[in-house]
Amino acid sequence: TLRRLAQNREAARKSRLRKKAYVQQLESSRIRLTQLEQELQRARTQGMFLGGGNIIGGDQGLPVGINNISPDAALFDMEYTRWLEEHHRLMCELRAAIQEHLPENELRIFVDNCLAHLDQVMNLKSMVAKTDVFHLVSGMWKTPAERCFMWMGGFRPSDLIKVILNQIEPLTEQQIMGICALQQSTQEAEEALTQGLEALNQSVSDIITSDSLSCPPNMTNYMGQMAVAINKLSTIEGFVRQ
């Protein structure tokens, strides 16, 4: 009973420490976000924004430059760079914890921190998908090597499963069957999304190459066709989210 009580006290202490660290992380993130908003507002006020080799200027505040990157995309790139630095630190901590052969309950804390950090990058992608989905799909925020494997704003989950499968052996037969079933269902979902995106691209291409846009007989018909094309393009965000 005394040992169980001691374990409960220790678990409660660690829980309080985790909560305190989480609150501190939220507060630091809030402060950093406020600073970024102030910097962005100050840059817009000055009529020039530097980021990703791009300059925002002109009377309209429109992006000009080689990369033609939007302010939201530039902000995403900066936050993603910071995310990568934190990701590297968390991975080093996790590897060190594994090498120290910590108990599973203590190791779980490091794993949960990594999972929470992955949720952050998903939230970043979700935000930029609303404002500049083409920047996310282009993969210009990834390294050149990583861009070789880009698919709709990220890697194919089925490919990641293949990589992971080779790193976590040995597995039981039931575990292997579960992973294979997950990989198959993932590939089916990927194929469906790919086919949907191809159909969307073909549809947009048909509209843009139609006679009504090349030589519009009247402005009303022209604007109607363009509205249809823009509505179709907006569905790309939906594909990325899926």
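Positions of Cβ are set from backbone N, Cα and C atoms, glycine also.
Taken from TrEMBL, the feature domain 'BZIP' covers 1-42. The annotation coiled coil is assigned in TrEMBL to 19-46. Summarising the annotation, TrEMBL assigns domain 'DOG1' to 73-242.
Residues of the same chain lying 6 or more positions beyond the ends of the domain 'BZIP' (1-42) and with a Cβ under 8 Å from any Cβ of it are 49, 71, 75, 78-79, 105, 109. Counting residue by residue with DSSP, the domain 'BZIP' (1-42) contains 41 helix, 0 strand, 1 coil.
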